[in-house]
Structure formats: structure tokens, C-alpha cells
Amino acid sequence: MSTAVSPPLQRVSLPLERLRTLGLVLAIILIGLFFQSQRSTFLSSDNLLTLLRSMSSLGIIAFAQLSVILLGEIDLAVGAIYGLVSTSLAVLWLGGGNLPFSLPFLPALGAALLIGLFAGALSGFLTAYLKIHSFIATLGLLSLASGTELLVSNASTFNPAYNTPPPPSGELSFFQALGGTQLPFGVPIQVLWLALFFGVFWFLRHRSIVGFRLLAIGGNPKAAAIARLPIRRYRLVVFMVSALMASVAGILDFSYVGSVGPNSAGQLNLQVIAAVVIGGASLMGGRGTIWGTLLGAVLLAVLANGLALLGIGAFAQLLFVGFVTIGAVILDRVTSDLGNRRRGTATAAS
């Protein structure tokens, strides 16, 4: 029995994907024009560069979160891993906290990334092999990672440039360059990191067997099992990749800001999931694009930046993010129902 998608079904789904993408682009343009009409500095080069930098980490983590959501899973621990890994790097490299030793920068960096990978592997193992729902597994890991961060750091804030004793100047310069370098025309290096990971995840999602299998597993797990796809292995790997990208983003932001402390991730969990959902991914799995996720991150960054220029505080900004996310979920349900009806019509006609 074949589980392949027939050409008519593919054809009817393409207009909906394009409609979602065009709707996002139009929303970004209209919101941007509104903020420009209220604050003439919104479209200034300095503010646009600030906006790009602020969305880079969100986009990097959201690309990996998309892979998790394509399987019909969710990772609630990315914010906690973001904080744990950046804090672990600080403690391992600079000393202090509750660790009685320190390491050179590169070994400390490698160890911190391994901590993030281990956290992702734990989520993946619980979900894929012990059959614990990813919501529960990653919610538990969120608490575990947050508690570990506070324990190893002793709830302290670390600033390498003002640490006593100071780290070697070469190590400090290399660390600061990771996320603090400015490219030509003042473009932050984090935008380059965003573009690099966008290219990698775009290829994996849209041009490789990996992306096809993620869609197949998330869209129809029973058919994927019949086809003998390595479902458990894919679940394990996507959670490890999600944790790794959260780790990378945390380290890049630590480098840019120059310090790290408790609760450095803030509302990152909500923002990452919102970016993916706003970008058109289905929380049920089987649908989502890298372009849509990028546009979702851009929309959230435009909202946060514009509201900040209007003097609206961070707490009120969360309300807007919540409303936009709920609206995206409602739109997803409406368009999904429309797509199901059109697919039913196409199947009957064929």
C-alpha cells in the first residue's frame, strides 16, 4: 500500500502555503509602516540593525524548534537550556559559583555545548524511547535545567571583562568576537550566524531526505511506521539539535551582552514557539517551512522593537505576543479546515 502524496493533493496545498507567506510579509510591512508613522526612527539604519540583531537568536532557536514541531512534538526547555549553557560556560571558564576550578576557554566552551547536547538527548530519550509526552518531558527538563543553572552559578552574575582574576586577553578577545563583532556597514555578526543556520536548516527541511521524513513522521506516524522510518531516532535527534541551537544562541548572546546571570532567557520559550506557529507550522505536526519561521521571528522582532520605541513596557509586549500567537493558531485551524475540504474535493475528482 502506497503512502505517497498524490499530485492533486500537493497542488491544492501550495496556494495555502503561499497565502500564509504573503500574509506574513504583508503584516510585517503594515506593522512596520505603522510604527514608522509613529516614530520616524523606526526605519533608520541603526534601528533596523538593532532589530536584526535582536531577532537573530530567536530565529536560530526557532529553526530547530520547527523540526521538533514538524514531528508533532514541542520543546519547552529551550529557554532553560539557553541559560544553563551560557551560565555553565561562564562558571567553567571564569571559575566561581559552586565549582572549585576553571578551564581554558575552548575546553569550557566544548563542555558547555556538551551539557546542552546531553539535556537535549535526555528530552529525546524520554519522548522517543520511554513514550513520555514531549510537553511533560521538556517541562520537567525546564525545571531541572533552571535549578542546575542556579546551583552551579550560586545565582551569581558573570562578566568576563571585569572578572577577578581576568581571563587571558586572547581568550577574552575570541569570546567577545563570537557575538560582538561588527561586519561591514555595521551589520552585527549575529546576523551572519542567523543566515548560516537559515541556509543549513532550509537545505535540511526543503532539499534533503531529512525534511521529507520529518513531514512524513509528523503528518502520518502510522504510515511512517509501516514504511519502517526510524521514528525514534528522528525524535531523539531533533531534540538534541533543538538543545544545541539553544546552547549556541545562549553563548552568542552572552558574548554580545558581555555578562550572564539568572533568568537570562526571559520569555524565550514563548517567543520561539510563537515564531514557529506564526510562521505557519502546525502544532499537530507535518507542516511548516523555514521561510515561514524566519518571517514569524521577524514579525515578533518588529512588534517588540516598535512597541519599545512607543514606550510600551515588556510586560505589555507579552500581551501583544499572546494575542498574535492565538490569532495565528486560529488562522491555522481555519486554513487547515479549508485545505482539508479542498483535498477532499480533489480526491473525489481524481
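In case you wondered, yes, glycine gets a Cβ from its N, Cα and C as well.
For 21-38 (among others), the entry in TrEMBL reads transmembrane segment. Long-range neighbours of the transmembrane segment (21-38) within the same chain, counting only residues 6 or more positions beyond its ends whose Cβ lies under 8 Å from a Cβ of the stretch, are 278-280, 289, 291-292, 295-296, 298-299, 302-303, 305-306, 309-310.
Non-local neighbours of the transmembrane segment (50-71) in the same chain are 78, 82, 134, 187-188, 190-191, 193-194, 197-198, 201, 204-205, 214-215, 217-218, 234-235, 238-239, 241-242, 244-246, 248-250, 252-253, 256, 268, 271-273, 275-277, 279, 281-283, 285-288, 290, 293-294, 296-298, 300-302, 304-305; each lies 6+ residues outside the stretch with a CB under 8 Å from one of its CB atoms. What TrEMBL lists as transmembrane segment is 50-71 (among others).
Residues or ranges marked as transmembrane segment by TrEMBL: 76-96 (among others).
Sequence-distant neighbours of the transmembrane segment (108-129) (same chain, 6+ residues past either end, Cβ-Cβ under 8 Å): 73, 75, 77, 81, 84-86, 88-89, 92-93, 102, 137-138, 140-141, 145, 231-233, 235-244, 246-248, 250-251. Under the heading transmembrane segment, TrEMBL lists 108-129 (among others).
Residues or ranges marked as transmembrane segment in TrEMBL: 141-162 (among others).
With a threshold of 8 Å between CB atoms, the same-chain residues lying at least 6 positions outside the transmembrane segment (182-204) that come near it are 45-46, 49, 52-53, 55-57, 59-60, 63-64, 66-67, 210-211, 245, 248, 252, 256, 290-291, 294. The transmembrane segment annotation in TrEMBL covers 182-204 (among others).
TrEMBL lists 236-258 (among others) with the feature transmembrane segment. Long-range Cβ contacts of the transmembrane segment (236-258) within its own chain (Cβ-Cβ under 8 Å, at least 6 residues beyond either end) map to 53, 56-58, 60-61, 63-65, 67-68, 70-71, 73, 75, 77-79, 81-86, 89-90, 109, 112-113, 115-117, 119-121, 123-125, 127-129, 134, 138, 159-161, 175-180, 188, 190, 193, 197, 214, 264-265.
Sequence annotations record features per position, and here TrEMBL assigns transmembrane segment to 314-334 (among others).
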